[in-house]
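Structure record follows, encoded as structure tokens.
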Amino acid sequence: WIMGHMVNEIYQIDEFVDLGANSIETDITFDDNAMAEYSFHGVPCDCRRYCHKWEYINTFLDGLRRATTPGDSKFRKELALVVFDLKTGDLSSSTANKGGKLFGQKLLQHYWKGGNNGGRAYIILSIPDLDHYAFISGFKEALKTAGHEELLAKVGYDFSGNDDLGSTRTALNKAGVKDREHVWQSGGITNCVSTLFRGLDRVKKAVSNRDSSNGYINKVYHWTVDKYGSVRDALDAGVDGVMTNDPDVIVNVLNESKYKGKLRLATYDDNPWETFKP
């Protein structure tokens with residue numbers, strides 16, 4: 001999976017897919033009432049990127065729906081997976097549940113069109129703080145209450161704070177997510193900082209967990225990877241996805257002889273919740 005990083009304006013969906021991304025990551029900010037408000041990152045953000053691109057969340061979800069709805073003039077068949085980087089820092093452990101409920105309702109209305117022929121992409125809820133696990137519980141509850149529990153088949157989960165894997169597993173379980181129930185595990189650091197500061201040790205541990213008989217992880221991705229050498233290192237470590245500001249760099253590496261016969265770009269027909277067995 002080539003995961004286009006910080007796609008917060010609608011026009012960027014085409015920009016990143018044109019460069020080779022089959023997945024995008026979008027930042028979601030919340031207001032004082034725990035309601036998702038904007039697709040927006042703000043400062044600081046990755047080097048070589050403008051940090052202030054934004055849309056109102058409803059507008060962005062409508063645009064995303066069109067990009068992932070077959071038959072729509074804006075449809076991009078390559079775009080199969082969307083990571084919502086949920087900026088829950090302003091939520092508390094007690095308002096996280098409310099935030100999840102409200103976000104579930106918003107996705108149901110603006111992305112899934114009330115469950116009637118909405119966008120088809122798989123969705124990952126990526127949360128930076130283990131203490132906010134109740135966001136997931138609230139999200140699931142919102143879809144169940146609305147009578148659309150079936151949409152949870154399209155939803156996966158990630159904690160992005162580089163926490164201890166055992167603690168991450170506990171937080172997922174508390175949220176009602178079973179081991180290997182649509183679990184992606186991220187690991188990484190901003191592209192402004194050398195990967196020497198946070199190498200691939202944690203990513204390799206996550207890959208080992210994914211491949212063990214008693215792990216909790218389905219897929220592992222590394223962020224934010226823009227340099228050719230770092231991409232090769234991540235692929236050699238066995239990741240399933242690479243989050244990047246430069247999707248074309250990943251495409252070029254995948255076309256190198258070392259990887260060409262071994263790895264390919266995922267399509268919509270590849271289930272992102274199934275652990276890949278080469």
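Each residue, glycine too, has its Cβ placed from N, Cα and C.
Cross-referencing D85, D90, D129 with the Mg(2+) binding residues that Swiss-Prot gives (E25, D27) picks out D85. If you count neighbouring Cβ atoms within 10 Å for each of the disulfide-bonded residues C47, C51, the highest count belongs to C51. Comparing CA positions across the recorded positions H5, C47, C51, the one lying closest to D85 (Mg(2+) binding site) turns out to be H5. According to its DSSP assignment, D85 (Mg(2+) binding site) is in a strand. Comparing CA positions across the recorded positions H5, E25, D27, the one lying closest to C47 (disulfide bond) turns out to be H5.
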